[in-house]
Amino acid sequence: MRILSLRFKNLNSLVGEWAIDFNDPAFTADGIFAITGPTGAGKSTLLDALCLALYGSTPRLGRITASGNEIMSRQTGECFAEVSFVSAHGHYCCHWAQHRARKKPDGELQAPRHEIVDADTDQVLENKLSTVTQKLEAVTGMDFQRFTRSMLLAQGHFARFLQANADERAPILEQITGTEIYSEISKAVHERHRSESSILNSLHHEMAAIGLLDPEQEAALDAAIQEHQASEFVLNGDCTALKESIDWLNTVARLRKDLDDLKTDAQKLKTDRQAFAPEAKRLEQALAAAPLEADYARLLSSREQQAKLERQLNELHQAMPALEKHRQAAAQALANAETHTAGAQENLRKAWPLLTQVRALDTQLRDRDTGVQRAEIACQSTREQLAKLQALKSREAEQCDRIEANIAKADQYLSEHRIDESLIGGLSGIEEQLRALERQQIECANTEKHQLGLLKDLQQATKHHDEAQQRRDSAQQALQRAAQAHQQAQIDLKQLLGDRALADYRREKEGLLREMALLSRIADLEAQRGLLEQGKPCPLCGATEHPFAEVGVPVANETEEKIQSLERVITAVEDQQGLLRQHDEAERAAQQAVSKAETALVSAAQQQAVLEQHLQQCDMQLLQRQKDLSAQHDRAAAILAPFDKPLELGADPTALIEELQGRCRGWQKAQQQRNELLQGRVNHQRELARLDALWQSQQDSLKQKQMEYESLIKDRDTLGTQRRDLFGEQSPEAYEKQLQQAVSIAESAEKKARELYGEQQQQWQQSQSRLAEFHRDIETFAPRLLEQETGFSQLLASKAFASEVDFLRARLAPEQRDLLVAQARSLEQRQTELNTRRAERQSRLEEQMAKPKTAQSLSELEPEYQRLERGLLEVRETLARLRVQWENNTNAKSQRADKQAQIEAQQKEYLRWHTLHELIGSADGKKYRNFAQGLTFEVMIGHANRQLMKMTDRYLLTRSEQAPLELNVVDNYQAGEIRSTKNLSGGESFIVSLALALGLSQMASSRVRVDSLFLDEGFGTLDEDALDVALETLANLQQDGKLIGVISHVAMLKERISTRIQVTPLTGGRSRLSGPGCH
């Protein structure tokens, strides 16, 4: 693909319509050209126009739509871009355009228009936004992403790729090389694997949901079906036999009833025939008269025609005298009109010479009036011009004075700020150095921040380690205390129990409680005990000795004291056992706490060691970056020294860049203003001289015009006197019009009179002809009428009609005659049908009676039939249910067989996708993408190294062994040392970035021939030698037939590239193009 020309209008600062012809000999001879101009002048706008025309998008803004257009120049109402190019498929032209409503700057944005045209035939190939890019991709082999990778390398794009880390580089590499398809494939394989697995699971679930009868159930169902089929056969035979008998009885009864009904119908038909007898006779006469209708109609027509001829003849005889009178009156009117017309024409002929003379004088007067008006207007206009010229002269003189003062101010500023002139060509280099310094500062700050974070983390880890150690020591002490407490509790428990068990104490307590209860009961019988007498038996037990009555009841106090003592011992033992359990649990908990604390202590120690190692690495990295920062600071300070800008450590490079940019813009603006003022002074001085000469010329012209004005006034007055003497104030046109109107009226009257006479004459002649014609017709028609009347009389006699009156009396209207005919036919048809039906019914009755079906009556057979029919219906319903069950089971067998086949087929499909999923499938697309990107990264490095070797023999690119997507460089000047690309200087980074750009361009265009290449990269970071090497590498691409365009504001490019397109800024934020092929 090769770009032939570019044309655009109102894009960014390039206001108006511009065109660049890349077929210009200057481009084809060198093969490389530069697009130069100050920062912000609009150099990149040329590449935006190229992308806009082809794809409707730009690298900086993306797709331009009706919702927003940031590329259209301010205060304009329309813009467009057009590119002509050739590819392997032919010569094409792409045009993109958009405008605001009514093409006004404040109008609403309208939808853009996009089309691609065959430049050889002017045929529009596509003109829809959605299809133009598809057609363009078909003819060029490149979409927008591939185009910006292979033909148009946007500013800073690959520097970001070089400086990105592995995580950031993966999506950038995917975007640049188009490997995003591998992510999609990986995701698609994962989704397909999941889908196939889901389908297989669904089939298994569906298989499980299909129920089948077991063999016993199936055999029972088959037996039930056979049994009900036999019952159905028996019941159906019985029902059929009864139904035949019932049908025979119903048929015999119906036939007998039909015969009775036919007798009634025969009697009614006889009555109807008698009633129709008078009408039948009338119909007979009408049918005899019907054949004569046509002859009678012809006779009536002849009689009517004869009467009409006689009537017309009488009317015409009566009209002839009036026609003659009108003809004579029309002839006299015609003669009078001819005389009047001749008189009017004579009057017009006599007035014509006078009218001609007056018109000539009127023409001369109008010419003089026009001349007078023009002379007066010219004098007044000249006076106004003199006043305007005087005012302009005053303003121009004042403007010259102001310009002189402004020139003096501009000279003073330029003298005081002469050092700023060097910023025009050197600002980009300074900016690169300051940006590099800023990056170094950011890296140092980030490293210091990371170091502080590591220190903080290390302090926190140390604190955690100490706390873990304290917790471990505390846990061990707690464990020791718990063990001692547990041992003491065991000793105390043993002392409390003595040599006995707790159960012994409890049994002893229970015995004492029983004894206490007995003593209580004995004490309760004290009153009865007082009644006992020695030697007499006790009423309760019969004993004759009563010891308690003599010595008293034993005291319970001792027993209670023993019980209380035992309770105290038991309670103390139980409490001690509970305390022993608590100490046991506390000891186990303390042991677990010790184990947990020791684990935490080991983890904290490991974390502390890792952080100390990271901190040591960070210290070394910070030291190296501080050294790099110091070196970069020295370089930046040296380049800033001439501008009286000391560079303090920690200074904000962005603020310095903005300040220097402001100084550069200020110098350029002052220089441009001075040039404009000098040019303005010359222009105003020329304008003042021109106004002086023009004022004197206008003064002389006014004197001459005044003299001409007075002469025209005199001639006009003389002609006016002559005209009034000849014709007064009367208008010749009105007088001529009056005479012509008289002629026209007379001629019109004559024409009407002539037409009227012609009409009357023609009408009189036609009436004479019609009189003769009517006489002839009447004489011819009379014999024929007599002949018709004689013939019709003979026809009447042949039909037995005595006269025409009898014939007319016998006639019937066709509708009435047809009605009577239909009635007669209906009666005959009814008689025929009645006879037929009676014979048929009688025959069928005799046939049925000859083959009797039963001797029983209908009332006896119907109940029995209904009972059998109900039984048959129940059997059939049951049989239907059984057959449905059998059919469902059969269908289930078939479904299970089909489902099993589907499962086997799906299992094979699932295993195929499962194998592929194990290889490349993943939900996030990483598995296959990472593999493909690794291969693509290797290929990209190979292409880039071939380009890099053309520019320098020092460096080669290589992949990091630790990180597959990390870039390192092999430094051949340092014994092949491998180091990170982040340590490259600004110029080295650009050389490597350019090699990557060209290598990636070669990858993206491997299947498409690219004959035009545009680079929008900053060359300001290169020294002279590196710049020569880079340009030589680009120029060598001409050997492949390529045209290379380089965008840069570096001044040294002007010396090394002779072919240049210059973008020059103007006032008001606008710019202009100049150079070969530009217009």
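Every residue gets a Cβ built from N, Cα and C, even glycine.
Just so you know, TrEMBL annotations are computer predictions that nobody has curated.
These numbers come from a predicted model, not from an experiment.
Checked against TrEMBL, the range among 460-483, 700-723, 748-771 recorded as region 'Disordered' is 460-483. Here TrEMBL gives coiled coil for one range in the set 100-144, 865-909: that range is 865-909. The DSSP breakdown of the compositional bias 'Basic and acidic residues' (830-850), given as helix, strand and coil counts, is 21 helix, 0 strand, 0 coil. Beyond the ends of the coiled coil (865-909), by six or more residues, the same chain brings 196, 199-200, 203-204, 206-207, 210-213, 218, 221-222, 224-225, 228-229, 231-232, 235-236, 238-239, 242-243, 246 to within a C-beta distance below 8 angstroms of the stretch. Secondary structure counts, DSSP: the region 'Disordered' (460-483) has 24 helix, 0 strand, 0 coil.
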